[in-house]
Amino acid sequence: MRRPLVAGNWKMHGSRQSVDALLQGLAAQEWPEGVELMIAPPALYVDRCCEQLQGTPIQVGGQVCAAQAEPGALTGEISPAQLRDAGCAYVLVGHSERRSLFGETDEVVCRKFAAALASGLCPVLCVGETQAERDAGQTAEVVGRQLQAVLDVFGVGGLAEGVVAYEPVWAIGTGLTATPEQAQDVHAMIRARLAILDDEQARKVQIVYGGSVKGENAEALFAMPDIDGGLIGGASLNAEEFGAIARAAGRV
């Protein structure tokens, strides 16, 4: 049975003072059993988070990594091996903001997925469509293409070593949220696509939903059969709200 994952993407938020306060709030929460928990802070605060979250069930992830595991002359980059050395267990790859603002292509995302696996990290592969693509009926095509770049190299078994995060771009930071039924439709489509290649492995793949998830809507989303938790943005910057979302995952 797939365990739910509740992951928080802090994006480019926080200072030493606010991070310490948030970590104290997280440490004080009651966390449900059977739910995997992760936060992805800005890279500068990874060490701080790993140190202060010792003794809690929360693991730490990177928001981004280089497309190679080995050291090199890549000024400003962070290798997945360095993230692992700092204490990370996960890393996000292919987030829509990286794709749209920094020009990361499917090929680059696939290389990052590979580098993360080679470094012992669990890559969280982000996929999703824009509002224009959704309105044009292209959701399956766009999400399928983003998945296929990784499937062509790793197959479903390799993808199952990571996590898939469906994040409709139109619902990120907009206050708009896919209904549980809308999200389930895409999650079911993803799993069905994987099942065509390898049904047994497809059943193992964690597929989480991201897009304005809050404590008030989390349980309805997580109750859907193919939604295995969430990748949380703004709500993860509030310890009580993140805790409420995690507890919602523990109830379904």
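Using the three backbone atoms N, Cα and C, a Cβ is placed for every residue, glycine included.
Sequence annotations record features per position, and here TrEMBL assigns substrate binding site to N9, W10, K11, G173, S212, G233, G234. According to DSSP, W10 (substrate binding site) sits in a coil region rather than a helix or strand.
Among the features that TrEMBL reports, active site, electrophile is placed at H95. Cβ neighbours within 10 Å of H95 (active site, electrophile), excluding its own Cβ and spanning all shown chains: 28. When secondary structure is read from DSSP and collapsed to three states, H95 (active site, electrophile) falls in the coil class.
E167 (active site, proton acceptor) falls outside any helix or strand according to DSSP and counts as coil. Here TrEMBL flags E167 as active site, proton acceptor.
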Between G173 (substrate binding site) and E167 (active site, proton acceptor), the C-alpha gap once rounded to whole angstrom: 11
Cβ neighbour count within 10 Å of G234 (substrate binding site): 18
Integer Å distance between the CA atoms belonging to E167 (active site, proton acceptor) and G233 (substrate binding site): 11
Remaining residues near the recorded substrate site, that is with C-beta within 8 Å of the centroid of the site residues N9, W10, K11, G173, S212, G233, G234: I172, I232, A235, S236, L237
